[in-house]
Amino acid sequence: MAAVGPPQQQVRMAHQQVWAALEVALRVPCLYIIDAIFNSYYDSSQSRFCIGLQIFLRLLGIFVSSIVLILSQRSLFKFYMYSSAFLLAATSVLVNYYASLHIDFYGAYNTSAFGIELLPRKGPSLWMALIVLQLTLGIGYITLLQIHSIYSQLIILDLLVPVIGLITELPLHIRETLVFTSSLILTLNTVLVLVVKLKWFYYSTRYVYLLVRHMYRIYGLQLLMEDTWKRIRFPDILRVFWLTRITAQATVLMYILRMANETDSFFISWDDFWDLICNLIISGCDSTLTVLGMSAVISSIAHYLGLGILAFIGSTEEDDRRLGFVAPVLFFILALQTGLSGLRPEERLIRLSRNMCLLLTAVLHFIHGMTDPVLMSLSASHVSSFRRHFPVLFVSACLFILPVLLSYVLWHHYALNTWLFAVTAFCVELCLKVIVSLTVYTLFMIDGYYNVLWEKLDDYVYYVRSTGNIIEFIFGVVMFGNGAYTMMFESGSKIRACMMCLHAYFNIYLQAKNGWKTFMNRRTAVKKINSLPEIKGSRLQEIDDVCAICYHEFTTSARITPCNHYFHALCLRKWLYIQDTCPMCHQKVYIEDDIKDNSNVSNNNGFIAPNENPEEAIREAAAESDRELNEDDSTDCDDDVQRERNGVIQQHTGPAAEEFINDDTD
Ligand SMILES: [Zn+2]
Ligand SMILES: [Zn+2]
């Protein structure tokens, strides 16, 4: 509702929303039917034919419900229109039948009909009621089936004929014939309408089939399913399904409770209320479908929680809006992994609360992932407004206190098992992560406060961060061991095995790889810097220049590149993480790489004429240096070779080297 446009547009949007809500509401019954079929009692003591029939009916029910569930909006409305038209017709026939044959009309002069007291207690009022009822049913029928011609009036007349028979007090057998004829005509008409629509039905089914097949061929199954998922608003349907189901159960349980307690008051005792909630939660995850519904509800909660926190800490990161996706997926996987819906009710509650604890810690980790970049950008940009800093610090403090509280409470109530171990490990890991973030934040803040170049800052930040990463990595390995233990001695399901593999890949392998890469980048950069000549003391005053990266003066020392530009060692190192060329003139800083490049590249792309396309040359150089950095990561380069290379560079520093570099970039 954020878009504020002209009133017409608003009306149109409201209109669309009403239609969308109606569409969702119309699809929900399908889920109810599927759920009922899955949960229905299965009688295996019957004959083989009966069992076969039962299975066939169940499959048919699931198939039809699934089809209706994924119908397009137009077809869905049509389906419901026809179904309700048939229902109206059936009701009308039944009412006629009942009125003509079973109501003692002569007695009705003084008594009631349908259990309703008719006020004047006379026949005419009953007739009137019947006529109005039949008229309503008839009009509803022709409206829903969209019969416009003279034909429609005939149908209504047909429905009224038995009532006329009643009014004129015809003998019983004639009334019977009238009712029969009227029903027959109505049935014939319905069949006729169906036959006429059958052609439309055939063509539209064929069209949809071709469309789906086409889409499947072009986009594949996954995109097709994603598209359907979004088109029918499946999460909304699941939410409505789960919430209405819970509400209905709550109403029934409340009613039973009041019956059992024989009280009339609206309020129930605290214990009863607690029981009620437990029962609702237990039955809220008794099948895969209801677990899905629960996930959808959790998704909404997590989504708004995530948005709220993002707004509170003032982050605009688009990527961080995924909490509404991550939390339900995690919940669902945990439920599958622990076989939640198949457990006995009392076990289910315990398992669910355990899963919820794990989910909570995971969500807290995610929130830490949202606050960390904000914390860093605030400290690095030297924003000093307290109002900007407070929310992030507050959330960080909560992220520290909550896990501590959670572990304390859990350790207080439960004995150690694999689950408690996992939750505690997650909590401790989160606390450590928060401490690392806050330490780095403090370092940057101190740096901002003193406003002089702090040469060691980068090293300190690196040490703190890498300590955090190493601890995280150790926790990843420990959690893997814990998972392996659970799998071997407690419950070994396929889903758990898959999750273990994912964990091993993302939390152990990728983390180790990234850490190693950072370490190697750093080491390479340090080596490159150390290969450059350093200027100190009196020569530094001779230059009387500032560093071209940070515009600060040289206080202790400066490094000089082969292209005769001066930088702080620290500034140049940061630059070399990203690019291998001088920030001033884009020539290569590190000569040894160039020797190798030259021998590799000289035959395939030839030479670029001087200054013909310098930008491309720079880009190429950058790409090459990147590639080499990566190569350095994968193949642990020999220290001896490196030392030898450094030796070569030292020999070449001077005009010869400059010439050499110029040759290469040209
Ligand atoms: Zn500098
Ligand atoms: Zn330069």
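Glycine too: its Cβ is placed from the backbone N, Cα and C atoms.
Annotated compositional bias 'Acidic residues' per TrEMBL: 629-639, in sequence order.
What TrEMBL lists as domain 'RING-type' is 547-586. Using DSSP to sort the residues of the domain 'RING-type' (547-586) gives these counts of helix, strand and coil: 10 helix, 8 strand, 22 coil.
Annotation comment: TrEMBL describes 620-666 as region 'Disordered'.
Long-range contacts of the transmembrane segment (51-72) within the same chain: residues 27, 30-31, 33-34, 37, 40, 42-44, 79, 208, 228, 231-232, 237, each at least 6 residues beyond the stretch ends and with a Cβ under 8 Å from a Cβ of the stretch. Feature annotation from TrEMBL assigns transmembrane segment to 51-72 (among others).
Residues or ranges marked as transmembrane segment in TrEMBL: 79-99 (among others).
If you look up TrEMBL, you'll see 126-147 (among others) marked as transmembrane segment.
Among the features that TrEMBL reports, transmembrane segment is placed at 154-172 (among others). Packing against the transmembrane segment (154-172) from elsewhere in the chain are residues 92, 96, 99-101, 105, 127, 130-131, 134-135, 137-139, 141-142, 147, 178-179, 181-182, 185-186, 189: each is 6 or more residues past its ends and has a CB under 8 Å from a CB in it.
Long-range contacts of the transmembrane segment (178-196) within its own chain (CB-CB distance under 8 A, at least 6 residues past either end) are made by residues 85-86, 89, 92-93, 96-97, 100-101, 145, 147, 155, 158-159, 161-162, 165, 170. Per TrEMBL, the feature transmembrane segment maps to 178-196 (among others).
Per TrEMBL, the feature transmembrane segment maps to 289-313 (among others). Remote same-chain partners of the transmembrane segment (289-313), defined as residues 6 or more beyond its termini with a Cβ less than 8 Å from a stretch Cβ, comprise 31, 34-35, 38, 235-236, 238-239, 241-243, 245, 283, 320-329, 331-332, 335-336, 340-341, 359, 363, 366-367, 370-371, 374, 391-392, 395.
According to TrEMBL, the transmembrane segment annotation covers 325-343 (among others). Remote same-chain partners of the transmembrane segment (325-343), defined as residues 6 or more beyond its termini with a Cβ less than 8 Å from a stretch Cβ, comprise 285-288, 290-292, 294-296, 298-299, 301-302, 351-352, 354-355, 358-359, 362-363, 366, 491, 493, 495-496, 499.
If you look up TrEMBL, you'll see 355-371 (among others) marked as transmembrane segment.
Beyond the ends of the transmembrane segment (391-411), by six or more residues, the same chain brings 309, 312-314, 357, 360-361, 364, 367-368, 371, 374-375, 378, 420, 423-424, 426-428, 430-431, 434-435, 437-438 to within a C-beta distance below 8 angstroms of the stretch. Look at TrEMBL and you will find 391-411 (among others) tagged as transmembrane segment.
Positions annotated as transmembrane segment by TrEMBL: 418-446 (among others). Listed as Cβ neighbours of the transmembrane segment (418-446) (distance under 8 Å, sequence separation of 6 or more from its ends, same chain) are residues 354, 357-358, 361-362, 364-365, 368, 371-372, 375-376, 378-380, 396, 399-400, 403-404, 406-407, 410-411, 454, 457, 460-461, 464-465, 467-468, 471-472, 475, 478-479, 482-483, 485-486, 490.
Summarising the annotation, TrEMBL assigns transmembrane segment to 466-485 (among others). Long-range neighbours of the transmembrane segment (466-485) within the same chain, counting only residues 6 or more positions beyond its ends whose Cβ lies under 8 Å from a Cβ of the stretch, are 418, 421-422, 425-426, 428-429, 432-433, 435-436, 496, 499-500, 503-504, 507-508, 511-512, 515, 518-519.
Remote same-chain residues near the transmembrane segment (79-99) are listed as 26, 68, 71, 130, 133-134, 137-138, 140-141, 144-145, 159, 162-163, 166, 179, 182-183, 186-187, 190, 197 (criterion: CB distance under 8 Å, separation of at least six residues from the stretch ends).
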